[in-house]
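Novice: Copying in the features that TrEMBL gives for the protein in this structure:
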TRANSMEM  6-31  transmembrane segment
TRANSMEM  75-92  transmembrane segment
TRANSMEM  112-135  transmembrane segment
TRANSMEM  147-165  transmembrane segment
TRANSMEM  185-203  transmembrane segment
TRANSMEM  210-228  transmembrane segment
TRANSMEM  234-251  transmembrane segment
TRANSMEM  258-277  transmembrane segment
TRANSMEM  283-305  transmembrane segment
TRANSMEM  337-354  transmembrane segment
Amino acid sequence: MPANLIKVFLPAIIAFLIGIFATPFFTHFFYKYKLWKKTSRKEDTDLPASEEISENYKKLHNAEEEVKTPRPGGIIFWFSVLATTLIIYLISKIFPHIITIKLDFLSRSQTWLPIFALFTGAFIGLADDLLTIYIKKGIFRNGFPRRLMVVIVSVVGLIAGLWFYNKLGVSSIHIPFNGDWDLSFWIVPLFILVFLGTFSSGVIDGIDGLAGGVMATTFAAFGAIAYFQNQLDLAAFCAAILGALLVFLWFNIPPARFYLGETGMMALVFSLPIVAFMTDQVLLLPVIGIMLVVTSLSSFIQIISKKYFKKKVFRVAPFHHHLESLGWSRPKITMRYWIISVVFAILGVIIAFVS
C-alpha cells in the first residue's frame, strides 16, 4: 500500500516542482515575444453575427488585461506533465530496480491513450492560440472558427471511440447501481458526444483561477477512482495533471501572470473523457464535473433561447459571467465554484465506490 501511494503521489510532487522552477523561464519568453492578443474581443468590430459581443460582456472584461497577459500559459502545464512522465520513465530504464520500475506509469494499457489525447489537444490548442496572437484579420484572427473546432473535436472523439471499440474491445458502460449496459457500436457516438460536451465546457476559463481549480478537483476525483480500481498508472497520470494544475493556480491568482489558453484547456478537455471512459465511470462525469456541466449548459441554453425565442435567459453566458454581471466579485465566484466542485467530486467518488 505505501508503495502504491508513493507511485501515485510522487508524479504530482515532481510535476509541481518542475512547473514552479520552469515557469520563470517560460514567462520570460512569453513576455519577451509578447505572446498575447493584439486586439481584445470587445474592440473587434468585424466579428460575425454568431460571435457578436454583448454590451454586458464588454462591461465585464478588461481589454487591457486581455492584450497584456500571455495567452499560451498552458504550455507550462503540459510541459510539466510531459517532463514528469519522461523523467520517471528514463529513471526506470537507466536505473532498473524494483522500486524505479514500479514508479514508471507509462503503460500501453492505461496511459498511452490519455497521454496521446492530452498532447493532441495541447498542440491543436497551441495552433489556435498562435493564430489568435499573430493573425490580425480574416476568419482565423480569433483562432480556429467555432464550426471547424467542432469538426476537429468530433474527429478526435471518433478516433478515440473506434480505438476503444475495435482495439480494446470496449462496448459497454457502467450505470451506477444498475450494472453494465452494452452499447455495441453505439459507444462510438457516445465518445463523440462526451468529447463535444467537455469541449463546450472549455469556456469556463474566463475568470482567473476558475478553470484550474475545477479541473484539478475533477482529475483528483478520477485519480482516486482509478487508484481504488488498482489502475495505478492511470491514477499516477491524473496526479501528474493535478500537480501541474496546482502550478497554474499558483501563478493564476489575480492578477494572472498568464492564461491557460486553448493549449491548456484543449489538453484537459481531450484527456478528461478518456480518463472517464477508462475508469468506466463516464456517467459520473456530469456529477464530478458539475461546474463544467453548468458552464456548458448555460451557454447552450443562451444560444438556443436567443436563436429561437429572441430572448436571453442569462445576462451574459456562461453562468459565471452572469453571476459577475449581477455584482458577484470574481474571487467569490471562483471560490464557490471550487467549493461546489469539491462537494460533487466527493459525491461522485462515493457513488463510484458503492455502486
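Note that Cβ sites are derived from N, Cα and C of the backbone, with glycine treated the same way.
Any TrEMBL annotation is an automated prediction that lacks curation.
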Novice: With pairs closer than 6 in sequence left out, are the transmembrane segment (75-92) and the transmembrane segment (234-251) joined by 3 or more CB pairs under 8 Å?
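Specialist: Contact confirmed: at least 3 Cβ pairs fall under 8 Å.
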Novice: Let me spell it out: take the transmembrane segment (112-135), skip the flanking residues so only those 6+ beyond its ends count, and list any with a Cβ under 8 Å from a Cβ in it.
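Specialist: Long-range Cβ neighbours of the transmembrane segment (112-135): 35-38, 71-72, 74-75, 78, 81-82, 85, 106, 141-144, 149, 152, 156, 160, 163, 234, 237, 241, 261-271, 273-275, 278.
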Novice: Please identify the stretch among 75-92, 185-203, 283-305 with the greatest number of Cβ pairs below 8 Å relative to the transmembrane segment (337-354).
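Specialist: Ranking 75-92, 185-203, 283-305 by Cβ pairs under 8 Å to the transmembrane segment (337-354) puts 283-305 first.
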Novice: So, does the transmembrane segment (258-277) come close enough to the transmembrane segment (185-203) to give 3+ Cβ pairs below 8 Å, pairs being at least 6 apart in sequence?
Specialist: yes
Novice: Between 6-31, 210-228, 283-305, who has the most Cβ pairs under 8 Å to the transmembrane segment (258-277)?
Specialist: 210-228
Novice: Report, as numbers and ranges, every residue of the chain located at least six residues beyond the transmembrane segment (210-228) whose Cβ falls under 8 Å of a Cβ in that stretch; write 'none' if there are none.
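Specialist: For the transmembrane segment (210-228), the far contacts come to 4, 8, 204, 234-235, 237-239, 241-242, 245-246, 248-249, 252, 260, 265, 268, 272, 275-276, 278-279, 281, 288-289, 291-292, 320, 333-334, 337-338, 341-342, 345-346, 348-349, 352-353.
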